[in-house]
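**Student:** Before anything else, here's the structure in question.
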Amino acid sequence: MSERKLFTSESVSEGHPDKIADQISDAILDAVLSQDPDAHVAAETAVYTGSVHVFGEISTTAYVDINRVVRDTIAEIGYTNTEYGFSAETVGVHPSLVEQSPDIAQGVNEALEVRGNADQDPLDLIGAGDQGLMFGFAVDETPELMPLPISLSHKLVRRLAELRKSGEIAYLRPDAKSQVTVEYDENDQPVRVDTVVISTQHDPDATNEEIHRDVIEKVIKAVIPAQYLDDKTKFFINPTGRFVIGGPQGDSGLTGRKIIVDTYGGYARHGGGAFSGKDATKVDRSASYAARYIAKNIVAAGLAKKAEVQLAYAIGVAQPVSVRIDTFGTGTVAESKLQEAVRQIFDLRPAGIIQMLDLKRPIYRQTAAYGHMGRTDIDLPWEKLDKVEALKAAVQ
């Protein structure tokens, strides 16, 4: 009998407390960048019943009405009813933002490579905003070159939000979670979905029977291709039996607590740094996007079926301290050759990444729910496949 393996990933909806926090942080970032593209922002958010606290560091010439940004974001998510215990118009908003530390700013604004050097490359000016390691990943399991479990998990909660906002399922409330277990064959190819878990907040008068029916017919079967579902696929819909109290009324939320949901669902490694609320000088964010961009173009070029890219930086230094590529035995060329090609084609200094991916724009709020990678519903620069031909040529 051939060996088969299971792998599970989860996602959460835009109404999950941690995702509310992420979206508020990124909405503030976008509001600042729309006025001051060179701003340095590190905005953190905490949410709980009736309250939002925004704190962190911002260096900018922009004026942003934090109170309004917070309330507008909460309303867009769908928390507009006081019965939810968290409502856009009644929530207390408590901002506490200060200027970025000058000790950090001096390394970001003038990288080690240019200090005392009159003949400087302008792209050497920006040093990494912190030390750290970042990963990017791609695999040929889906058209968007993402692992199937996280791809399906995101699509399930996004479908729930669509049905809620359109009014097609009127009893749905904003908070929800999904989890998908995929069975892989001996060649690491996905063959079927073994288990689907969906927990969705609902009005108190909704019955378990109608929730179960609607979620299976209008969500699961609408999202998961029929080829992956069979009579052995298990469905767990609101397995606690009731999910009326949710969102920040049921659980507090913080920016940066869903980093695995934001990336590859645990299928690839993660350096530990969160994304939301951070401008692109923070390599936690920008280098993770660059690493995904590299990995996706490698797989799209047919140079590997699976690729993981690690980048690492020292604070205040422009050039990465390391670049590593792992193709897990699926590569068509040596990994050392791929690394040389990547160094040649991709400028991995923070300023180079910002220029390459045009990251000074206010594009981040849209990434703060349903994943930063593999998005097919929005146009993100790190998802482009414009380096495929250059990579093919470089490894000849």
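Glycine is treated like the rest: Cβ placed from N, Cα and C.
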**Student:** Do you know which of 1-11, 89-99, 100-110, 320-330 Swiss-Prot annotates as region 'Flexible loop'?
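**Tutor:** Per Swiss-Prot, the stretch marked region 'Flexible loop' is 100-110.
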**Student:** On the three-state reduction of DSSP, what should I expect for D18 (Mg(2+) binding site)?
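**Tutor:** Where D18 (Mg(2+) binding site) sits, the three-state DSSP reduction gives helix.
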**Student:** Report the same-chain neighbours of E44 (K(+) binding site): residues 6+ apart in sequence with Cβ closer than 8 Å to its Cβ, ordered by sequence.
**Tutor:** A21, S25, V54, F55, G56, L254, T255, G256, G277
**Student:** Check the Cα distances from K258 (ATP binding site) to each of the binding-site residues D18, E57, K282 and keep only the ones within 10 Å.
**Tutor:** D18
**Student:** Could you state the CA-to-CA distance between D18 (Mg(2+) binding site) and D251 (ATP binding site) to the nearest Å?
**Tutor:** 9
**Student:** Helix, strand or coil for E44 (K(+) binding site)? Use DSSP.
**Tutor:** strand
**Student:** For ATP, with binders H16, D175, A176, K177, R242, F243, D251, R257, K258, A274, K278, what's the maximum Cα separation in whole Å?
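**Tutor:** With H16, D175, A176, K177, R242, F243, D251, R257, K258, A274, K278 as the binding residues for ATP, the largest Cα distance is 36 Å.
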**Student:** Three states by DSSP: which one describes K278 (ATP binding site)?
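**Tutor:** Strand, per DSSP.
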